[in-house]
Every structure is written in C-alpha cells, then in structure tokens.
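Colleague: What follows is a single structure, and I will ask about it in a moment.
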Amino acid sequence: MSDASPRAVPAKIAVLGSGSWGTTFAKVLADASPATHVALWSRRAEVAVEITERHRNSRYLGDTRLPGNVTASDDVAAVLADSALVILAVPAQTLRGQLPAWRASIPENAVVVSLMKGLEVGTDARMSEVIAEELALPADRIAVLSGPNLALEIAREEPTASVVACPDHGTAAWIAAACTASYFRPYTSTDVIGVEIGGIVKNVIALAVGICEGRSMGDNTKASVITRGLAETTRLAVALGGRPETMAGLAGMGDLIATCSSALSRNHTAGRLLGQGLTLDQVTVRMNQTAEGIKSARAVLDSATKLDVDMPITAAVVAVLQGQLAVDDLGARLLARNLKPEGDPAQ
Ligand SMILES: NC(=O)C1=CN([C@@H]2O[C@H](COP(=O)(O)OP(=O)(O)OC[C@H]3O[C@@H](n4cnc5c(N)ncnc54)[C@H](O)[C@@H]3O)[C@@H](O)[C@H]2O)C=CC1
Ligand SMILES: O=C(CO)COP(=O)(O)O
C-alpha cells in the first residue's frame with residue numbers, strides 16, 4: 001500500500017486477547033471510530049459475556065465502561081470474520097502456539113498488528129517475526145504498536161502517545177488513523193525492529209529498576225540504570241538493524257521512563273518484589289498478569305551474545321532470575337565494570 005492511496009477506517013477490527021492491553025486497545029479503537037465494530041476474542045466465555053452484555057472487563061479494568069461498539073466472543077472464527085485489521089495482544093510466549101489455529105480464519109489481505117512486548121524464548125524471535133513465519137505473511141502486512149502505554153491510564157482516558165510501525169508507511173498511517181482517539185495519539189514509523197526492541201528491553205530494565213527500588217535505593221540509582229539501560233537497548237536495536245533515533249523516541253526512551261517509574265507496571269512490580277527478597281516462584285504466584293521481561297530477559301541476552309553486543313544490566317537481571325546473583329550484589333556487579341567514555345557505542 002502506498003502513501004497515495006489512503007484507506008478508510010475498517011468497518012470491523014478484531015482484537016485477539018482480552019487481557020489488560022487487548023481490552024484497553026479495543027476501547028481506543030472503538031472510541032476512535034464509533035462506526036467501527038471492534039470484536040474481541042476472549043479465551044474464557046464468561047469474560048466475553050461480561051464484555052458484550054455489561055460493557056466491562058472487571059478482572060483487568062475494574063469499572064471502566066467499554067463503548068457499545070465493542071463486543072466479545074470466545075469463537076475466534078466469528079471474531080476474525082470480515083476484519084481488515086487483526087490486532088494481537090496475548091502473552092508473547094504463547095503466540096506461536098496459537099497462530100496455527102487462527103490462520104485459516106484470518107481474512108485475505110488483512111493486516112496483522114502486534115501489541116506484544118516480548119521476545120520468544122528459544123528462537124529469540126520478535127513477535128512480528130513469529131507472525132511472519134506462522135501466518136506466511138509479507139512484511140508489509142505486519143505492523144507493531146509500542147510506546148509508553150500503561151493500559152490502566154489509557155482506560156481512564158489519560159492522554160498518551162504511541163508509535164505504529166510498518167515497512168509500508170501507508171499501512172502504518174492507515175492503522176494510526178484507525179486508533180487516533182481524543183486521548184491516544186499514534187505516531188508512525190517504518191522501523192519495526194527498533195519499535196519492537198524498545199518495548200521488549202524496557203521490561204528487562206524495569207525489572208532491574210524494580211530490584212533497586214526493592215533494596216531501597218533512590219533516584220540517582222534509578223536514573224543511572226534507566227540511562228545506561230537505554231544505551232544497551234540502543235546497541236542491541238542497532239545491531240539487529242533498528243535505528244538509534246527510534247530509541248530516543250516514544251517506543252524507546254518514552255516507554256522506558258513510563259515503565260521504570262510506574263507502580264502500575266507489572267515488570268517494575270515484579271522487580272520490586274524480587275528486590276524485597278521474594279523468590280521468582282513467589283513473584284510469579286503474586287503476579288496474575290503478564291510480566292514479559294521475566295521470560296524475555298534470557299532471550300534478549302541470547303540475542304545480544306550472538307551479536308556480540310554488551311548488555312550488562314540485562315546480564316545481571318538474568319543472573320538474578322536464574323538464582324546466580326543475589327539482589328544485594330546487583331549494584332556491585334554493575335559498578336565493577338571497566339571504566340570507559342560515556343558515549344562509547346560498543347559498550
Ligand atoms: N498491560 C499493559 O499496560 C500493556 C501490555 N502490553 C503487552 O501486551 C501483551 C499482552 O499483555 P496484557 O494484555 O497486559 O496481558 P494480560 O496478562 O493482562 O492478559 C493476557 C491475555 O491473553 C490471554 N491469553 C490467551 N492465551 C493465553 C495463554 N495461552 N496463556 C495465558 N494467557 C493467554 C489471557 O486470557 C488474557 O486475556 C504483552 O506482550 C504486554 O507486554 C503492551 C503495552 C501495554
Ligand atoms: O508496556 C507497558 C507500558 O508501556 C506495560 O508495562 P508492564 O507490562 O510492565 O505493565
């Protein structure tokens with residue numbers, strides 16, 4: 001699709017995954033275009049019934065009222081039928097397993113958009129790559145959306161911005177038009193790799209910041225981890241083919257700031273609980289929502305190792321998660337590294 005042929009907002013959009021972000025994003029789409037039918041797929045029938053009949057998803061969004069043009073069903077084929085846009089918002093590690101069952105129901109020519117911020121364990125694949133492989137779609141029919149987008153704040157209609165990226169700029173602009181609401185402003189990009197890597201690695205850095213907070217460390221420590229976290233995120237993004245300027249934008253620095261400062265962030269919260277001395281198993285039991293960084297950290301480090309990219313904060317988080325580094329020793333591990341110029345692109 002080219003910039004010269006803008007398409008109308010679709011009459012129907014499917015959102016697969018009715019957790020915290022899938023449900024909130026369905027609200028954004030429905031508020032953006034009241035004439036559009038936004039169909040949500042829920043794993044559990046009772047969640048679908050609550051959304052369609054009571055306009056609520058109380059487990060994830062409390063009393064937030066969903067617009068009347070949002071409906072939900074546990075029948076994925078019905079949700080996907082006639083949808084020109086298909087939005088995916090399930091936990092990253094579960095995506096590959098679910099796509100084969102969805103493939104036949106995805107309409108011909110539909111564009112698939114990932115909202116997910118995880119890297120696949122075992123393959124180090126980004127979600128756009130998993131989608132391309134499992135659905136056999138060309139790159140210009142796959143897009144990603146990422147930015148400082150804490151679902152609960154958006155559900156309360158607090159203003160935020162985001163980035164939608166697709167190799168075809170016309171397609172990114174079409175998706176952006178479909179999700180522009182009074183409280184949600186999407187920018188466009190063609191840097192799919194950069195936008196995805198920003199969203200993935202910020203979860204790992206938020207775990208590190210949370211650990212520091214759990215050990216009662218203050219704002220100097222947090223700012224140092226966030227800033228150096230952005231440096232290592234940028235190194236990985238660039239090594240994979242992403243653009244450094246993307247890391248200075250909403251999907252990089254913007255999301256890092258939001259996630260590392262907010263008590264709403266599940267990754268930040270998981271890190272804080274680890275820092276307070278809970279084991280990983282105890283943290284996992286406490287979290288009843290997805291904290292992608294816990295699993296993605298290992299895949300991020302694997303990817304960095306293969307590319308010879310130095311990611312000391314990620315390596316320290318992985319060591320904590322694997323029980324090889326005590327939370328009290330994380331600071332010392334990072335400070336013991338060799339001294340170097342700040343702007344050194346290699347380290
Ligand atoms: N919640 C947020 O503020 C934001 C989340 N994201 C990303 O969106 C993705 C989805 O996250 P959330 O909606 O927050 O997660 P969540 O934990 O709130 O919900 C996950 C949803 O996926 C469903 N699901 C489908 N198949 C599943 C399976 N096999 N195992 C477990 N759950 C399954 C769950 O039933 C649930 O509806 C993640 O990659 C996350 O990083 C991105 C931006 C904001
Ligand atoms: O991606 C998010 C904000 O942009 C949500 O962060 P958490 O998954 O840590 O809650």
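Backbone N, Cα and C atoms are what each Cβ position is placed from, and that goes for glycine too.
Pasting the relevant annotations from TrEMBL:
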ACT_SITE  LYS202  active site, proton acceptor
BINDING   GLY17, SER18, GLY19, SER20, TRP21, GLY22, ALA151, ARG266  NAD(+) binding site
BINDING   SER20, TRP21, ARG43, ARG44, TYR60, LYS117, ALA151, ARG266, GLU292  NADPH binding site
BINDING   LYS117, ARG266, ASN267  substrate binding site
BINDING   LYS117, GLY147, LYS202, ASP255, SER265, ARG266, ASN267  sn-glycerol 3-phosphate binding site
DOMAIN    12-170  domain 'Glycerol-3-phosphate dehydrogenase NAD-dependent N-terminal'
DOMAIN    191-329  domain 'Glycerol-3-phosphate dehydrogenase NAD-dependent C-terminal'
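Let's see these features in context: how buried, what's close, how far.
Modeller: A C-beta separation below 8 Å, combined with a sequence spacing of at least six in one chain, links LYS202 (active site, proton acceptor) to LYS117, GLY229, THR233, GLY252, ASP255, LEU256, THR259, CYS260, ASN267.
Sequence-distant contacts (6 or more apart, same chain, Cβ under 8 Å) of TRP21 (NAD(+) binding site) comprise ALA89, LEU115, ASN149, ALA151.
The number of other Cβ atoms within 10 Å of the Cβ belonging to SER20 (NAD(+) binding site), over all protein chains shown, comes to 22.
Sequence-distant neighbours of ARG266 (NAD(+) binding site) (same chain, 6+ apart, CB under 8 A from its CB) are MET287, GLN289, THR290, ALA291.
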Colleague: Relative to the Cα of ARG43 (NADPH binding site), which of the binding-site residues GLY17, SER20, GLY147 has the closest Cα?
Modeller: GLY17
Colleague: Can you tell which of SER265, ASN267 has the least company, meaning the fewest other C-beta atoms within 10 angstroms of its C-beta, among these binding-site residues?
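Modeller: Checked SER265, ASN267; of these binding-site residues, fewest Cβ neighbours within 10 Å: SER265.
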Colleague: Under 6 Å from ligand 1 by Cβ, which recorded positions from GLY147, LYS202, ASP255, SER265, ARG266, ASN267?
Modeller: none
Colleague: Pull out the binding-site residues from the set TYR60, GLY147, SER265, GLU292 whose C-alpha sits within 10 Å of the C-alpha of SER20 (NAD(+) binding site).
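Modeller: Near SER20 (NAD(+) binding site) by Cα: TYR60.
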Colleague: Within 10 Å of the Cβ of SER18 (NAD(+) binding site), how many other Cβ atoms can be counted across all chains shown?
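Modeller: Neighbour count, Cβ to Cβ under the 10 Å cut-off: 29.
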Colleague: Just to verify a number: CA distance, GLY147 (sn-glycerol 3-phosphate binding site) to TYR60 (NADPH binding site), in angstrom, no decimals.
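Modeller: One finds 20 Å between the Cα atoms of these residues.
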